[in-house]
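Feature annotations, courtesy of TrEMBL:
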ACT_SITE  ASP78  active site, proton acceptor
BINDING   GLY8, THR9, ILE10, GLY11, ALA12, GLY13, LYS14, SER15, SER16, ARG141, ILE142, ASN143, LYS144, ARG145  ATP binding site
BINDING   GLU32, TYR44, GLN55, ARG79, ASP84, GLU150  substrate binding site
DOMAIN    4-207  domain 'Deoxynucleoside kinase'
Amino acid sequence: MSVIVLSGTIGAGKSSLTEMLANKLGTKALYESVEDNDVLPLFYSDPEKYAFLLQIYFLNKRFASIKEALADDNNILDRSIYEDSLLFHLNADLGRANQKEVEVYDDLLSNMLERISKSDIKTAPDLLIHIKVSFDKMLERINKRGREFEQLDTDPSLFNYYQELNKRYDKWYEDFDICPKIQIDGDKYDFVENPEDAKKVLELIEQKLNTIR
Ligand SMILES: Nc1ncnc2c1ncn2[C@@H]1O[C@H](COP(=O)(O)OP(=O)(O)OP(=O)(O)O)[C@@H](O)[C@H]1O
Ligand SMILES: Nc1nc(=O)c2ncn([C@H]3C[C@H](O)[C@@H](CO)O3)c2[nH]1
């Protein structure tokens, strides 16, 4: 049984690498709710009003995905539940959640994480793959993917939000100690367009998996 989770900022390449890895390893991929997520556009149009609702929505969906992942033998999830707090606290620090909402959320998350903590080895992931991208690359990829509500042209204030999010991810990854981890340089490896880079990235991940099996 092996559960792999991806992490990284918006547009880092998590879904792309999840698909590649699932094909390579012959395992099932579970994707974050985006296309079917009717709260996400609301959040981008009015973050002050919808930050808390979006966070609860994602937490619920992620917990459902984790349950689904644990029901099968091998799975890859395109974003870890461990990043939720980073995203929510950034929004809270920007004044998009009040103190009570922060307390309720933190309590709910820690309750849920108790079920999937490292003391329960059956339910912690086997590997976290973090894709690190520079801020410039992050903006380039968000632009390349072209979801309208995420574009700086649609909302120039997203520039500061993205910049702060990208910065906070570095410390988040450094502190992460729930399971074995590996960082992939998403600036260096164009694993979407370049087959040589894709091969190299898959090799790095397989080497890491061999050290933990
Ligand atoms: N290493 C890469 N090289 C070139 N293009 C990439 C790379 N990674 C991702 N991309 C492109 O960048 C865009 C964003 O990638 P993707 O949707 O996989 O990101 P994500 O991390 O899943 O984002 P989100 O969390 O916001 O859903 C896509 O257009 C994808 O083709
Ligand atoms: N606020 C907030 N909290 C989350 O937990 C969270 N998880 C994902 N997202 C946003 C980022 C991308 O736009 C899009 C796809 O990743 O959804 C989030 N936004």
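Yeah, the Cβs are placed from backbone N, Cα and C, and that goes for glycine too.
Just so you know, TrEMBL annotations never went through curation; they're auto-generated.
This view paints the features noted in TrEMBL onto the structure.
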residue: GLY8; record: ATP binding site; Cβ contacts under 8 Å, 6 or more apart: LYS14, HIS130, ILE131, LYS132, VAL133, TYR169, GLY186
residue: ILE10; record: ATP binding site; Cβ contacts under 8 Å, 6 or more apart: MET138, ILE142, GLU150, TYR162, LEU165
residue: ALA12; record: ATP binding site; Cβ contacts under 8 Å, 6 or more apart: ILE131, LYS132, VAL133, MET138, ARG141, GLY186
residue: TYR44; record: substrate binding site; Cβ contacts under 8 Å, 6 or more apart: PHE149, GLU150, THR154, ASP155, LEU158
residue: GLN55; record: substrate binding site; Cβ contacts under 8 Å, 6 or more apart: ASP84, LEU87, PHE88, ASN91, ALA97, TYR105
residue: ASP78; record: active site, proton acceptor; Cβ contacts under 8 Å, 6 or more apart: LEU6, LYS14, SER15, THR18, ALA29, LEU30, TYR31, GLU32
residue: ARG79; record: substrate binding site; Cβ contacts under 8 Å, 6 or more apart: VAL5, LEU6, SER7, LYS14, GLU32, ARG62
Largest tally of Cβ atoms lying within 10 Å of a Cβ, found at which of the binding-site residues LYS14, LYS144: LYS14
Annotated binding-site residues ALA12, LYS14, SER16, ASP84, ILE142, filtered by Cβ under 6 Å to ligand 1: ALA12, LYS14, SER16
Neighbourhood of ligand 2 - binding-site residues from GLY8, ALA12, LYS14, ASP84, LYS144 with Cβ under 6 Å: ASP84
C-beta crowding around ASP84 (substrate binding site), within 10 angstroms: 19
Averaged pLDDT, computed only over the residues in the domain 'Deoxynucleoside kinase' (4-207): 93
Neighbour tally for SER16 (ATP binding site), based on other Cβ positions within 10 Å of its Cβ: 19
Other CB atoms within 10 A, centred on GLU150 (substrate binding site): 18
